[in-house]
Amino acid sequence: MQAYLILANGRVFRGQSIGCPGTTIGEVVFATGMVGFEETLTDPSYYGQIITQTYPLIGNYGMNHEDVESTKIWARGYIVREACKTPSNFRSEETLDSFLKQYGIIGIEGIDTRSLTRTLRESGVMNGAITTEFDPEAQPEKVAELMPQIQAYAVTDAVKTVTCRQATTYEPTVQGAWGETPLHVALLDLGCKNNIVRCLQKRGCRVTVLPGTTTAAELKALNPDGLMLSNGPGDPAENVEIIKNIGEMLDSGIPAFGICLGHQLTALAAGAKTCKLKYGHRGANQPVSHYSGKRTYITSQNHGYAVEGETLPAEVGRVSYRNANDGTCEGVDYFRWNCFTVQFHPEANGGPKDTEFLFDEFVSRMLAAKGVINNA
Ligand SMILES: NC(=O)CC[C@H](N)C(=O)O
């Protein structure tokens, strides 16, 4: 079946349908990871977006239901150069196409994704639609009808939509070196990836995943050893109430670690500003340099917004990492709070695990706060 991608600037790409037929509108972004399409598709941070994979062959190793980062696909569409129809891997359970169909996702293959990516890099992220319902060339009036909807589309109510409705506790998978009692981490789910939970479980933590709307008083009643702020979709500045709650939670002095959206919301709570990047960072090879100048790490990333480092009040915290490509803020160490945050994804999935040591740092902070170790 034919499918078409229509961009907000009027450009049309002709390809073939994958996943479900129909019409979908979203913010078209590109991700550069060569592998990790299962993790990308199920990362809640892509809510509202149509994902373009720049790597030309997607689905070669098939889908399984273990390598997923949440309960479903939150993205609004999927664009690939070629979707593999005959995956080969001992863990493969189904094809990319059947996985998309299972979640009602409309996709397109067979378009020039290099040319599309070049457009997005030059003009910035852009809204678009994928449709199987009409041929834009044959029916330009249908394009004219759809175009105002494409142009007006905005990702809204993102965190509200993806966050869990009820708290769930996950037991540790190993015992911590400090003894039998696990550390208890409260994880504020803003659109959390499963691997954040796994990274804490395998370090001897019991993890209680909480709805994003949890208040400081509700958190206090739980009396956790640490607070983890997850990744998540949408414009960070939209989350006015959650930002206020996070500020109050951190004022209690609890050890805290924020990732991506969690990083952005903490900076907003601290009085800094966020901005939208031209085309964002999405992929598995984004270099970030530590402020000490000693190390640059290759990281996994998926964000369209960034903290404006210069707007962070100097007495509150300092920029800890910067993106080595464009100099944008990639992390903050707070002085005011017992908290550190990063824009990149130390939990990886997909992508390199080089910065997973940050979870060890978080565990050390919790142990130090309990007086179990001296972290001076
Ligand atoms: N992965 C994330 O947490 C993304 C954060 C935010 N939605 C952004 O696009 O910048």
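Cβ atoms are placed via backbone N, Cα and C, with glycine included.
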Identity of the L-glutamine-site residue among Ser17, Ser45 (reference: Gly232, Gly234, Leu261, Gln264, Asn302, Gly304, Tyr305, source: TrEMBL): Ser45
In three-state DSSP terms, the structure that Gly232 (L-glutamine binding site) belongs to: coil
Distance [Cα-Cα, Å, rounded] between Glu347 (active site) and Gly232 (L-glutamine binding site): 14
Predicted model, mean pLDDT over the domain 'Carbamoyl-phosphate synthase small subunit N-terminal' (1-131): 97
